[in-house]
Amino acid sequence: MGEPKRIVATHGMRCFSKIKMFLLALLGAYLSKSLSGIYMNSMLTQIERQFNIPTSIVGLINGSFEIGNLLLIIFVSYFGTKLHRPIMIGIGCVVMGLGCFLISLPHFLMGRYEYEKTISPASNLSSNSFLCSGNRTKTLTPTPDPAECAKEIKSSMWIYVMVGNLIRGIGETPIMPLGISYIEDFAKSENSPLYIGILESGKIFGPLIGLFLASFCATIYVDTGSVNTDDLTITPTDTRWVGAWWIGFLICAGVNILTSIPFFFLPKTLSKYELDDNVDVTKSDKEEKHLEKANKKKRGLTKDFLPFMRSLSCNSVYMLFLLVTVIQMNAFVPLLTFLPKYLEQQYGKSTAEIIFLIGMYDTPSICIGYLVSGLIMKKFKITVKKAAYIAFCLSLTEYLLSFFNFMLTCDNFPVAGLTASYQHERIQQPLYVENKVLDDCNTRCNCLTKTWDPVCGDSGLAYMSACHAGCEKSVGTGINMVFQNCTCIRPSGNSSAVLGLCNKGPGCTVKLQYYFIMTMITSFIFSLAAIPGYMVLLRCIKSEEKSLGVGLHAFFMRVFAGIPAPIYFGALIDTTCLYWGTLKCGEQGACRMYDINNFRRVYLGLPAALRGSSYLPAFFIVLLVRKLQFPEEVDSAELKVAEVKLTEKESGCMVVHRSPVVENNRELKTRL
């Protein structure tokens, strides 16, 4: 008996190491896909400015990832389990890398980025055409150059970015459903929450690296190496600044291809020895496995698809979980997509600084929450009923705490003619009207009314350009340029202005710190609720339907939330724009300034309303789960009864073969 035990134990250790190898490889895939995903979200603002497109188009670009994912999710989720799952995941990683490379391609096909400005290059400063002068003819817009107008057609190259993101979505399709189903099939059921927690932590470390990479790239000018940065008149805090977004996508492409390599060396299936604590495999077990394999061959690939779909549609817990997911994702997707844009406009910080702070505060707390949640689920062996209750209470607590963000707000940038009058009075309903951006102090200047090259006066009020400030003289070059004799700042003319909008003040910086402290707390609570909630989804589905169920869950999440939410949310954000940039040929460019009060109502108010409505079906899930009986509870009850009877029968010599699988209890019952 000793030799067979040794053989089985050795075989079990070999399988145990292979599942660990797969977990490590899958962790790398999770890390790489989340790295490129968060980098894409972080660079959306830079892409918007690069191609001069509205936020609704940015939402379409972001949603193209979900469209690509949607094209294959059902096929991969169902038929992927019949194929070689590790190789399918490896191919997906390669495709993601190719998508990232395609996203970066427009930078090499387009000309240099030219931002909206009135200030001429240093060689032409002697003309002072951008200052207040009553000698030139009044012009509403610059005279377009036909050659330059032809170049603006290249702005449609944002389609390359959208297609690349779509391909990236196609590549990511097999990673989650096939990876989760592989672990569920070949790992112990009590280890599954810990393994999923480890994978979720990989989805956090990836974004952490991606955020720091995005923060670094956002500080580098997009055309670095091909332009003289000393001639730039904008800084990273300017809404016209575009960082080197293309560098990060090349890095993401390389990382995705490298993480694909291990999957091509992993087996299609693993033995289930590691699932059993007993070292004997009885004849009946072997016969059952043989019959199971034979039945699978008879069923084929498609025969059980419709019965599985019918079974899932009749699963009330599963259907309610789909409804909750769709509603909540309609809130979460826009919040994550437009978070950098909102914080930039709300608190007046640069993209690089905002992204860095997100990485410092939010991602570590989420990572710790995922790991702690997975460990608690494993340590205390939380049942499905308890998991549903824990997930509901934690999620509701996080939702209520999120309302504090409505109080951590700042006011609009003070810009004369837009958000404030020239007499420093705040405008209650900011609105851009071309004829009202001028005042008596600058009507003689014949300023261009459709231009955005803001300057900050020494009085704390910003102006749309040096001409609008009534400045008649300038000294210095580049970002160090100073404008003097500005009559709109002070009638005496004894005043000056510098390039850029005025800072929002130290009070706004303090509120930003409070905002991140609050989001750190809520992110930790949310991540604690995520693993129990996901385990409810997995445990409410039959084992043979699990892969299809997870795939359908992702399918509905993308169709009804991931794709439409960024688009309609982006269109709503566009309605809060106060001033649109103008291209050389008079076409509308990217938004340069938002009404932050309306922006805040859209960004925080709509997701809050959506999330609030999701807790009604979530409450019904908790009630339904309490009335259901799950396989692990049946196994535990049967095993305890069998142990008691066997103890009475064998008079002091207790021999019990423990197994978490229902089928293996038949051997115990036979011995009784």
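Glycine too: its Cβ is placed from the backbone N, Cα and C atoms.
The transmembrane segment annotation in TrEMBL covers 21-40 (among others).
Positions annotated as domain 'Major facilitator superfamily (MFS) profile' by TrEMBL: 21-629.
Proximity of distant same-chain residues to the transmembrane segment (60-80), defined by a Cβ-Cβ separation under 8 Å and at least 6 residues beyond the stretch ends, is recorded for 37, 40-41, 44, 47, 88, 99, 158, 161-163, 165-174, 177-178, 181, 301, 305, 308, 337, 547-548, 550-552, 554-555, 558-559, 562-567, 570. Positions annotated as transmembrane segment by TrEMBL: 60-80 (among others).
What TrEMBL lists as transmembrane segment is 87-109 (among others).
The feature transmembrane segment is assigned by TrEMBL to 157-183 (among others).
Through the fold, the transmembrane segment (204-222) approaches residues 30-39, 42-43, 46, 50, 107, 113, 229, 232, 236, 241-248, 251-252, 350-353, 355-356, 358-359, 363-364, 366-367, 370 of its own chain, all at least 6 residues removed from its boundaries and within a Cβ separation under 8 Å. As annotated by TrEMBL, transmembrane segment applies to 204-222 (among others).
Annotation source TrEMBL lists transmembrane segment at 242-266 (among others). Within its own chain, the transmembrane segment (242-266) is flanked in space by residues 18, 21-22, 24-25, 28-29, 31-33, 35-36, 39, 43, 46-47, 49-50, 86-87, 89-94, 96-98, 100-101, 103-104, 106-108, 113, 115, 171, 210, 213-214, 217-222, 224, 236, 351-352, which lie at least six positions past its ends and keep a Cβ under 8 Å from the stretch.
Taken from TrEMBL, the feature transmembrane segment applies to 317-339 (among others).
Marked as transmembrane segment by TrEMBL: 354-376 (among others).
If you look up TrEMBL, you'll see 388-408 (among others) marked as transmembrane segment. Here the transmembrane segment (388-408) has Cβ contacts under 8 Å with residues 382, 511-512, 514-515, 518-519, 521-522, 525-526, 528-530, 532-533, 536, 600, 604, 608, 611-612, 615, 618-619, 621-622, 625-626 of the same chain, all six or more residues outside its ends.
Look at TrEMBL and you will find 435-490 tagged as domain 'Kazal-like'.
What TrEMBL lists as transmembrane segment is 514-538 (among others).
The annotation transmembrane segment is assigned in TrEMBL to 550-573 (among others). Taking Cβ pairs closer than 8 Å, the transmembrane segment (550-573) reaches residues 54-60, 62-63, 65-67, 69-70, 73-74, 76-78, 176-177, 180-181, 312, 321-322, 325-326, 329-330, 333-334, 337-338, 341, 537-538, 541, 594, 599, 602-603, 606 in its own chain, all 6 or more past its ends.
Per TrEMBL, the feature transmembrane segment maps to 602-625 (among others).
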